[in-house]
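Record features (TrEMBL):
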type     : residues : note
DOMAIN   : 52-362   : domain 'Glycoside hydrolase family 9'
ACT_SITE : His288   : active site
ACT_SITE : Asp340   : active site
ACT_SITE : Glu349   : active site
Amino acid sequence: MAYTITMLSWAAVEFGDSLEAKNELTKTLGAIRWAADYFIKAHTEPNVLYAQDHPGSDLAGETAAALAAASIALKASKPAYSAKLLNHAKQLFNFANKYRGLYHNSIPEDGEFYRSSGYEDELLWAAAWLHRATGDSQYADFLRKAGSGGTTNIFSWDNKYIGAQVLVAKLVLEGKVSGQPWDNFKNDAEQFVCNVLQKGYSNIRKTPGGLLWFLPWGSLQYPASSSFILAAYSKYISHASLQCPGGAVRSSELLKAARSQVDYILGSNPKNMSYMVGFGKNYPTHVHHRGASIVSIKKDPTPESCDGGYAKWYDSPAPNPNVLEGALVGGPDENDRYTDLRNNYEQAEPATGTNAPLVGVLAQLA
């Protein structure tokens, strides 16, 4: 949820004019505020974040990033609220940094589903957003001492290094910082971009149909987030070019690559299927989602036992009674295959963390 809001906020900050042009900015800011209100309620004291978190540098760090990014997105329309968010973000960053640890060690049950690979990336990501929100040198000092984290090949809810690297690269390109280690951030960011563009030293795999391929579970999250990086970086180098091992790349090429991924997701793929529910004529109808799978109480008020719903709804061969409009399912496999079954949760489960990165990309393309 925090990653979702950081990415929605980044979309509002980076592509606000594009969202405004399509009358989507107000809705985006409303979604950001809805979640930010929740985070504020969960952060009751400087060193208390409700998630059974004791400690959880990754979780607290990502929430700090979300609130810092949201404070920028909402600054013009809600200045007092923005300041409140920034205060919470600062406290949460201090909490995450001072009491270091992985959240799933505090909440073992979460390790079964959403195990964190580390918290250093979230601290870097939070510091980068706090620096962008405040300009305070203490966050720049943190980034400088921590370093870029090295070249990465994925951007997701669990790995934010490339996000932090791109934010710092923007500062380098604008001439606000220079020399080492700042150049490392920029170089690492650009290596990722080059690899996505198939012009790097370690290019990202693609499916036969052209989808960037990273991991099988929720496969669309990664091309969606990578497309956001491409769209953002295309803005940063709009008056320059990027020198990749495979040749020079202009801004328009980054946006073209992002468009190819969005087109695949929306139906230009071997199955001619839109992986966005409700979009186009052919889209998944057996989405792994309780609200979509179970008929409204207004249509059938019969009480259901906790386990009884499995036989009646989860295992039903019929399409979902409710269309979960706009949701992106997990996505196809590495050979562009997709099986539209509710129990195929690896492919059929939607997640806000998959949708969120596409908001800014779609606005920029539109």
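Cβ from N, Cα, C; glycine included.
Glu349 (active site) is 5 Å away from His288 (active site) when you measure Cα to Cα. Distance between Cα atoms for Asp340 (active site) and Glu349 (active site): 10 Å, as a whole number. Here the domain 'Glycoside hydrolase family 9' (52-362) has a mean pLDDT of 96 out of 100.
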